[in-house]
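A short write-up of the structure that comes next.
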Amino acid sequence: GAQGRRAHELRLRALLEQGKCPEDGWDESTTELFLHELAIMDSNNFLDNCGVGEREGRVASGLVARRHYRLIHGIGRSGDIAAVQPKAAGSSLLNKLTNSVVLDIIKMAGVRAVTNCFVVPMATGMSLTLCFLTLRHKRPKAKYIIWPRIDQKSCFKSMITAGFEPVVIENVLEGDELRTDIEAVEAKIKALGAENILCVHSTTSCFAPRVPDRLEELAVICANYDIPHIVNNAYGVQSSKCMHLIQQGARVGRIDAFVQSLDKNFMVPVGGAIIAGFNESFIQEISKMYPGRASASPSLDVLITLLSLGASGYKQLLKERKEMFSYLSSELKKLADNHNERLLDTPHNPISLAMSLKNLDENNDVAVTQLGSMLFTRQVSGARVVPRGSVQTVNNYTFKGFMSHANDYPCAYLNAASAIGIKKQDVDVFLKRLDKCLKTFRKEAKKEKNVNEISSASTGTEQLEDEKIQ
């Protein structure tokens, strides 16, 4: 029995000493033993504990306690989310280990130069807001954020919530791709004055036909004008191309922080993000900006997941995602050809694909949005249909062609993405259902055409009869 336990303890010791994701995933019994060991280090689980404060880790429901492995105290202290809490040694250790393991994974995924990161119990949008609020103290005069346009509400609202004025830089169309207008960014910096600009807020992961921003060029501009640079890397950890852009941007210019979602990259419940960067003191400043203690749930979820997968398991998921992207791309192209549409050529986007919907758009104004409804009712989630000409106002800013990342993109289109965890079956079922929906529209269009032809023919006959009578 002692020998059996020692085998588990050796794994625990290696994790504590190295602070890295184990190469091979742990079995559930080892992970649970580890979590129980951490939990009994927290004061609320001491056998003789006597709590007389207002926050003593008391939990009314046993189900809730078990759901959290009795790690009730959360992470951090009132003044710093990364600080050690004396009466919660186990939860504090959990926090430190999670940040260390996640840093190891970010390096493995391609950003070798990263020096520090921490898990924050907020999704990507609020985590970006925290970065902007931290920069406010460094640049008190600044009120603008330069933002190459991406039609996604949370990253736009992250700037508004922080109290800044987004300066929208429209993208340029190169072939089918929407790319960063570097000249417009630099011209706007000169017009507004570098000291009045809080930062450049760029994006890596995005829906095609928009592609990742030109991070290297933006990073050089930020370095030249001494302007901070925050990168929204929402689901970019799973893409070697997105991570390479961040690594290169930091190498040739300036990137202060990059933010990524936990759920999109590590397949855990929504509610957490990772803020990472290349200057250790700046990342610590951001963590100190977070007011109060924080939930340990996102840290617990991602640590359990990475211990279960191991580095080799996570690498395998990244490999499979890339393979599925190639498969989805080739199969979607075949389907597009069959329906006289085309797969848009977006080689710089490593995750998302777009297929034109020109025939639907030309035949019927509402057909494009109807296709989206049909797919959703057929249990296809995640596919986006983007009609032309939609207008949307977000926080008093009006966007023309909203969702297409441009005022007037040349065609309506449908998006599909190959994200981490996708299976061949997902792709096959999606394509089958999409094919059926498009065939339904073609049949209806054909019927409508026949009705119109019959109607016009009968009208012509009536005209001949009238002429004979006259």
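Glycine is no exception: its Cβ is also placed from the backbone N, Cα and C atoms.
Automatic prediction, not curation, is the source of TrEMBL annotations.
Database features, via TrEMBL:
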- Arg55: pyridoxal 5'-phosphate binding site (BINDING)
- Arg77, Ser78, Gln85, Arg293: substrate binding site (BINDING)
- Arg251, Arg378, Lys443: tRNA binding site (BINDING)
- 452-462: compositional bias 'Polar residues' (COMPBIAS)
- Lys264: N6-(pyridoxal phosphate)lysine (MOD_RES)
- 446-470: region 'Disordered' (REGION)
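Mapped onto this structure are the features recorded in TrEMBL.
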residue: Arg55; record: pyridoxal 5'-phosphate binding site; CB count, 10 Å: 12
residue: Arg77; record: substrate binding site; CB count, 10 Å: 17
residue: Ser78; record: substrate binding site; CB count, 10 Å: 10
residue: Gln85; record: substrate binding site; CB count, 10 Å: 19
residue: Arg251; record: tRNA binding site; CB count, 10 Å: 13
residue: Lys264; record: N6-(pyridoxal phosphate)lysine; CB count, 10 Å: 22
residue: Arg293; record: substrate binding site; CB count, 10 Å: 21
residue: Arg378; record: tRNA binding site; CB count, 10 Å: 14
residue: Lys443; record: tRNA binding site; CB count, 10 Å: 10
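When the record's substrate-binding residues Arg77, Ser78, Gln85, Arg293 are compared pairwise by CA position, the greatest distance found is 10 Å. Distance between Cα atoms for Arg378 (tRNA binding site) and Ser78 (substrate binding site): 48 Å, as a whole number. The record gives Arg77, Ser78, Gln85, Arg293 for substrate. Within 8 Å of the mean position of their Cβ atoms, the other Cβ atoms in that chain belong to Gly74, Ile75, Gly76, Gly79, Asp80, Ala83, Gly292. Taking the Cα atom of each, Arg293 (substrate binding site) and Arg55 (pyridoxal 5'-phosphate binding site) are about 11 angstrom apart. Considering only the binding-site residues Arg55, Arg77, Lys443, the residue listed as 'N6-(pyridoxal phosphate)lysine' has Arg77 as its nearest partner by CA-CA distance. Reported as a whole number, the C-alpha separation between Ser78 (substrate binding site) and Lys443 (tRNA binding site) equals 63 Å. Cα separation, Gln85 (substrate binding site) to Lys443 (tRNA binding site), rounded: 66 Å. When the Cα atoms are compared, Arg77 (substrate binding site) and Arg251 (tRNA binding site) turn out to be 34 Å apart.
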